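Swiss-Prot has this to say about the protein:
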COMPBIAS  508-544  compositional bias 'Basic and acidic residues'
CARBOHYD  N78  N-linked glycosylation site
REGION    501-544  region 'Disordered'
TOPO_DOM  1-49  topological domain 'Cytoplasmic'
TOPO_DOM  71-104  topological domain 'Extracellular'
TOPO_DOM  149-154  topological domain 'Extracellular'
TOPO_DOM  176-193  topological domain 'Cytoplasmic'
TOPO_DOM  215-219  topological domain 'Extracellular'
TOPO_DOM  241-285  topological domain 'Cytoplasmic'
TOPO_DOM  307-323  topological domain 'Extracellular'
TOPO_DOM  345-360  topological domain 'Cytoplasmic'
TOPO_DOM  406-416  topological domain 'Cytoplasmic'
TOPO_DOM  438-450  topological domain 'Extracellular'
TOPO_DOM  472-544  topological domain 'Cytoplasmic'
TRANSMEM  50-70  transmembrane segment
TRANSMEM  105-125  transmembrane segment
TRANSMEM  128-148  transmembrane segment
TRANSMEM  155-175  transmembrane segment
TRANSMEM  194-214  transmembrane segment
TRANSMEM  220-240  transmembrane segment
TRANSMEM  286-306  transmembrane segment
TRANSMEM  324-344  transmembrane segment
TRANSMEM  361-381  transmembrane segment
TRANSMEM  385-405  transmembrane segment
TRANSMEM  417-437  transmembrane segment
TRANSMEM  451-471  transmembrane segment
Amino acid sequence: MPNGSIRNCANAVADTVRQTFSRKTWEHKEQLQTITEQKKFFLRKVRWQIAILAHFGFAISFGIRSNFGVAKNRMVNNFTDAYGEVHEREFLWTGAEVGMMESSFFYGYAASQIPAGVLAAKFAPNKIFMLGILVASFMNILSAISFNFHPYTDIFVMVVQAVQGLALGVLYPAMHGVWKFWAPPLERSKLATTAFTGSSVGVMTGLPASAYLVSHFSWSTPFYVFGVVGIIWSLIWMYVSSHSPETHGYISDDEKKQVTEKIGDVAVKNMSLTTLPWRDMMTSSAVWAIIICTFCRSWGFFLLLGNQLTYMKDVLHIDIKNSGFISIFPQFGMCIVTLATGQLCDYLRSSGKMSTEAVRKSVNTFGFTVEAMMLGCLAFVRDPVIAVTCLVIACTGSGSVLSGFNVNHFDIAPRYAPILMGIANGLGAVAGVGGMVTNTVTYQNPDGWKWVFLLAMAIDIFGVIFFLIFAKGDVLPWAREPEKEETFNEFVRRMSIKVRSLSRKTRNREGDTSYEKMEEDSEMKPCSKKVEARAPAEKSESSS
């Protein structure tokens with residue numbers, strides 16, 4: 001690496017540290033639009049009602065995702081229920097067939113990320129969010145029915161799971177679209193983290209709730225229960241939410257003014273899909289800082305979420321019943337830290353104690369560093385108490401990153417936040433290969449967990465350094481420019497110009513130069529004709 005590049009990287013890190021510990025009072029551009037809102041209980045504010053209801057929506061979605069993972073234990077194995085009755089396996093699926101049915105969900109989930117971001121930027125994001133959970137809820141009920149369609153059960157279930165993945169894949173980009181209209185700049189962290197912590201609550205409650213329903217009733221009960229709950233939630237969401245404060249039914253005038261004036265025009269103008277700054281987005285180092293951190297976060301999250309029970313069983317020799325209860329604590333700790341960090345970040349920014357960039361980099365560095373340190377310890381620890389403590393600290397500390405890179409989309413490009421979220425989540429879904437890597441390295445080899453944790457630690461460290469160097473906290477220049485609305489006639493005109501240009505080049509090669517003169521006199525230059533038309537009129541007015 002050239003000396004200049006090394007010097008620039010060192011300066012970027014030094015500037016971040018200097019901003020973090022400086023006593024300077026930072027004046028945020030958002031504070032220039034000072035509006036006094038009447039103090040009232042936060043649940044009476046519509047934006048907080050939306051945040052809390054979105055929290056439950058994410059919880060339902062992650063509960064739905066846990067249903068099949070729990071139900072399969074009774075479907076493909078001999079099972080003793082809560083009443084002591086033994087049930088024989090109902091389905092003779094192989095491990096490969098079950099794996100194909102489960103993985104089909106993630107294929108649909110990854111495929112819908114980027115299209116969901118574009119749709120959330122173009123249409124009402126609150127309706128897209130609702131449709132995602134509504135479709136997934138219907139698919140959940142259909143899943144319970146589809147398991148009985150022999151002999152094509154596996155194919156039918158794969159299709160249903162893929163559609164369910166497509167539906168739930170729109171949630172994160174759509175929610176970023178919702179906050180684009182509803183979250184004032186200095187409340188983004190706490191509103192967004194309140195909504196997104198629903199995913200941890202869904203994991204924390206979905207697994208034991210599904211296990212209870214499977215054990216006390218049947219394997220199909222969780223599918224029906226979570227499906228019905230999701231449908232009921234969709235009806236409530238449609239009443240509470242709306243596209244923007246201007247279209248809401250019962251929002252107070254005070255809150256409407258508070259939200260719309262603080263957000264300003266940067267987030268309320270429509271955009272043309274043909275004129276989105278795709279090149280600027282994909283060549284922006286700040287955007288790639290978010291994408292890289294999304295990948296790193298997904299790698300660690302999938303590792304700790306999907307494999308911690310297996311790790312406890314194979315390495316720590318903890319019984320599955322006990323490990324299932326223990327797994328609640330990491331998710332609970334993550335929720336607490338995520339909510340607390342969101343409040344802290346907005347306080348530091350609104351009080352002027354730290355700049356937006358310093359806040360994002362600080363909490364991001366803290367979360368990834370704590371997780372990396374604990375994963376490094378897990379590579380060498382074999383004592384169950386110490387190992388479980390490291391797991392809890394790793395998950396708990398990592399909760400702060402949701403107030404770092406995960407809301408940085410709003411800081412650098414608020415109008416394109418749902419699109420950036422879709423791009424980051426879509427590319428970050430590549431981290432799903434981590435499950436395959438983990439299974440390959442640890443198959444009949446408990447010592448392989450050492451290398452799994454060391455690899456995850458290295459990925460976290462890379463994410464910390466990349467974000468420290470390249471992340472930004474202000475709106476980027478290409479995100480400030482108003483979008484050009486291209487009508488159908490303008491599109492046809494642009495295409496006709498290109499066609500005539502190609503035709504002109506062809507004629508020039510053949511020696512026909514009269515076409516250039518003909519094009520100059522054509523209607524392709526309307527501005528000059530208007531000027532010529534105005535000239536006689538101006539002369540006549542001056543003479544009169």
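Note that Cβ sites are derived from N, Cα and C of the backbone, with glycine treated the same way.
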Would you mind listing, in sequence order, the residues at least six apart from the residue listed as 'N-linked glycosylation site' in the same chain with a Cβ closer than 8 Å to its Cβ?
V86, H87, E88, R89
Per Cβ pairs under 8 Å, the stretch of 50-70, 220-240, 286-306, 385-405 packing most closely against the transmembrane segment (128-148):
220-240
Thinking of Cβ pairs under 8 Å, which stretch from 155-175, 286-306, 451-471 has the most of them with the transmembrane segment (361-381)?
451-471
Per-residue pLDDT averaged over the topological domain 'Extracellular' (215-219) comes to what?
83
Is it possible to list how many residues within the topological domain 'Cytoplasmic' (406-416) are helical, extended or coil according to DSSP?
10 helix, 0 strand, 1 coil
Counts of helix, strand and coil residues, the topological domain 'Extracellular' (438-450), according to DSSP:
8 helix, 0 strand, 5 coil
Might you confirm whether the transmembrane segment (50-70) is in contact with the transmembrane segment (417-437), defined here as three or more C-beta pairs under 8 A between residues 6 or more apart in sequence?
no
The topological domain 'Extracellular' (215-219) - residue tally per DSSP class, helix then strand then coil:
2 helix, 0 strand, 3 coil
Looking only at the topological domain 'Extracellular' (71-104), what are its DSSP counts of helix, strand and coil residues?
15 helix, 4 strand, 15 coil
Taking the transmembrane segment (385-405) as reference, the highest number of CB pairs under 8 angstroms among 50-70, 220-240, 286-306, 451-471 goes to 286-306
Whether the transmembrane segment (155-175) meets the transmembrane segment (50-70): three or more C-beta pairs under 8 angstroms:
yes
Residue counts (helix, strand, coil, in that order) that DSSP gives for the topological domain 'Cytoplasmic' (345-360)
11 helix, 0 strand, 5 coil
Its residues classified by DSSP, the topological domain 'Cytoplasmic' (176-193) shows 16 helix, 0 strand, 2 coil
